[in-house]
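Engineer: For reference, TrEMBL lists these features for the protein:
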BINDING   B:35, B:64, B:67, B:135, B:168  Mn(2+) binding site
BINDING   B:59  Ca(2+) binding site
């Protein structure tokens with residue numbers, strides 16, 4: 001699983017009307033962990049960076065719809 | 001002063017005619033955590049913040065307008081060829097009655113944009129913390145829109161925009177660090 005996702009397990013009642021989701025996930029993106037960006041971090045190539053939306057590999061954390069098929073060489 | 005470059009920050013491609021998605025996307029156009037709110041918030045806060053971070057607010061505020069333009073393009077492409085029947089089926093009947101297919105600054109539920117969405121407190125830390133919160137809320141909004149969209153081309157653009165929210169949040173956090181730094185640092189005169 002994506003290292004920027006966290007999970008928790010909400011209480012499940014025997015009387016819940018819908019089928020319970022046992023595990024919930026939430027995003028904790030890389031900006032939470034960096035503090036002030038240190039110098040000389042690894043970079044994407046200019047072409048890759050324009051696609052990724054960031055020059056810095058450490059900040060790349062794409063979000064995918066779980067029901068969507070990846071395309072054009074994207075990886076989760 | 002601004003210079004305008006007549007191209008989008010990231011190419012906007014839409015593979016299916018899906019006016020329902022336009023209804024959701026309009027949240028990022030005229031919603032409380034949308035790109036318009038972000039741009040106006042940052043550009044307005046610039047005047048009462050320490051010199052060191054004015055440039056950051058200018059840069060990010062300007063980029064938010066480039067994002068606004070991308071969202072507008074997405075919404076336009078998703079609705080331009082839809083029939084009134086299709087718009088009605090997509091839940092856009094109310095919008096069509098008032099605006100035809102014109103874009104309007106309101107959120108996904110049709111509530112018009114208001115300056116009450118944004119704040120300028122005059123306190124640099126309060127303002128920057130609001131900016132960080134705004135970026136995280138916009139990031140989450142993109143997540144929920146991506147989760148509801150099965151258009152891979154559109155999601156590609158939305159993923160780019162979500163990544164930019166992460167970077168903006170990081171830069172605002174660094175701005176806070178810059179403003180904190182004075183204390184505890186040995187100043188040599």
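Backbone N, Cα and C atoms are what each Cβ position is placed from, and that goes for glycine too.
Remember, it's a predicted structure, so these values are computed and weren't measured experimentally.
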Engineer: Select from B:35, B:59, B:64, B:67 the binding-site residues whose C-beta atom falls under 8 Å of at least one C-beta in chain A, and return them in sequence order or as 'none'.
Structural biologist: none
Engineer: Taking the center of the Cβ atoms of B:35, B:64, B:67, B:135, B:168 at the recorded Mn(2+) site, which other residues in this chain have a Cβ no more than 8 Å from that point?
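Structural biologist: Going along the sequence, the neighbours appear as B:38, B:39, B:60, B:63, B:138, B:161, B:164, B:165.
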Engineer: May I ask which residues of the same chain, at least 6 positions away in sequence, place their Cβ under 8 angstroms from the Cβ of residue B:64 (Mn(2+) binding site)?
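Structural biologist: Correct list: B:35, B:36, B:38, B:39, B:42.
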Engineer: Report, in whole Å, the straight Cα-to-Cα distance of residue B:59 (Ca(2+) binding site) from residue B:135 (Mn(2+) binding site).
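Structural biologist: So the alpha carbons of residue B:135 (Mn(2+) binding site) and residue B:59 (Ca(2+) binding site) sit roughly 14 Å from each other.
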Engineer: Given residue B:59 (Ca(2+) binding site) and residue B:168 (Mn(2+) binding site), what distance in Å do their CA atoms have, once rounded to a whole number?
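Structural biologist: Computed Cα spacing between residue B:59 (Ca(2+) binding site) and residue B:168 (Mn(2+) binding site) is 10 Å.
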